[in-house]
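What follows is one structure encoded as structure tokens, with my remarks underneath.
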Amino acid sequence: MPGVSPKQEDTYLCTAVKLDKNRYIRAFNPQHQSGHAHHIILTACKEPGSATEKVWNCGEMLTKSEGAAGDKTYKQAPQCASDTRIIYAYAMDAPALQLPDGVTFGVGPGFDLPWLVVQVHYKKASDFVKNPSLKDNSGVKMTYQTTPSPKLGGVHISLTDGVIPAHSVTHMETSCSYDGQTTLHPFAFRTHTHSHGRVVSGYRVRDGHWSLIGSANPQMPQMFYPVNGSGVIRPGDMLAAKCVMENTGDKDVSIGATQKDEMCNFYMMYWIRADDVGKDGSRMCYTSGELWDLAPSSVMAASATVPGTERVFREMNREMDRMDRMMKQMLLNGERAASGIDMPGFEDEANEFYADQPEDFIEF
């Protein structure tokens, strides 16, 4: 950032640099002043969000958050005007990232991505308000080479919409079919939530088998961690992610851009063969946050990673098991009653079960 001074909390600012030739990025080193940058996202773009402003307000999601618009002294525009590619993200004091040998992120005019745009989220602005002369230069330093590499990196992000009800533990989940035409080789993952996130996990689903890509506590440094194992993503595989959220407050919390809102994001960093550039399909999976319907119980029963919440999950899983046993017994009793076997009390049992369910309980 070229010495910015945001005066409103939850301001998202962007600045851009144009590349005159191709660069192959090998490492990312976040640069930030303590307490200023909540997160930093680096994207490669065909066109930047603003062609005229050196710095602009790129808080697009803020329109979802009532009363929040960031610092209006900066002109409003998206991060990128076209073809947005996330290539790096930082939050929570994450360290520098060195890519594996032979892997780089290709950017520049030859990739039809001549612009690099950095977005910084300024969660708080009180320091800048108290000291008008204070300036921030947060950003990302990159190590690059000018010679092509045999493997090119990419980032796939899974994220959800949704609401976390007051006094609840909520699973926010998303899943999409991988629609690319080449094999993805995951090598790192990153999670991101705000204060309500307890654990975020990502999976590859193939032929009904769920394989963990990575899982982390989002309250720890939100760095890119090595993936779990060496599995690959093939065309037709499903990519799924889950965020376990705990809301102990008295108000519902929605997905949004401000510190009062939440986010549920799972980033998967991968490489493809350089010859397959452009064949890695869509790089984003976004759903409303509904529950998975095909996940086995071993996947659904995610464990907590914050001390004190293990009990919540044990109780929740015991209740789920109890409900499952009750439903199976009721189905069996119903089949017997339908076949003419006398089942005294079956109707009362069914009525009692449905009376205990919330109003939005759906019968399938």
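Note that Cβ sites are derived from N, Cα and C of the backbone, with glycine treated the same way.
Copied from TrEMBL, the annotated features are:
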- His38, His39, His121, His192, His194, Met263: Cu(2+) binding site (BINDING)
- Cys14-Cys58: disulfide bond (DISULFID)
- Cys45-Cys80: disulfide bond (DISULFID)
- Cys243-Cys264: disulfide bond (DISULFID)
- 5-126: domain 'Copper type II ascorbate-dependent monooxygenase N-terminal' (DOMAIN)
- 160-287: domain 'Copper type II ascorbate-dependent monooxygenase C-terminal' (DOMAIN)
> Do any of Cys14, Cys45, Cys58, Cys80, Cys243 (disulfide-bonded residues) have a CA within 10 A of His121 (Cu(2+) binding site), and if so which?
Replying inline: Cys14, Cys58
> If we check Cα distances from His192 (Cu(2+) binding site), which of the disulfide-bonded residues Cys14, Cys45, Cys58, Cys243, Cys264 wins as closest?
Replying inline: Cys264
> By DSSP, how many residues in the domain 'Copper type II ascorbate-dependent monooxygenase C-terminal' (160-287) are helix, how many strand, and how many coil?
Replying inline: 3 helix, 70 strand, 55 coil
>> Around the Cu(2+) site formed by His38, His39, His121, His192, His194, Met263, list the extra residues of the same chain whose Cβ is within 8 Å of the site's Cβ centroid.
In response: Ala91, Lys123, Thr193
> What's the CA to CA span in angstrom from Cys14 (disulfide bond) over to His38 (Cu(2+) binding site)?
Replying inline: 14
> Do you know offhand how many angstrom separate Cys264 (disulfide bond) and His38 (Cu(2+) binding site) by C-alpha?
Replying inline: 15
> Which of the three DSSP-derived classes (helix, strand, coil) applies to His38 (Cu(2+) binding site)?
Replying inline: strand
>> Going by Cα-Cα distance, which of the disulfide-bonded residues (Cys45, Cys58, Cys80, Cys243) sits nearest to His38 (Cu(2+) binding site)?
In response: Cys58
> CA-CA, which of the binding-site residues His39, His194, Met263 lies nearest Cys45 (disulfide bond)?
Replying inline: His39
> So for Cys80 (disulfide bond), how many other CB atoms are inside 10 Å of its CB?
Replying inline: 23
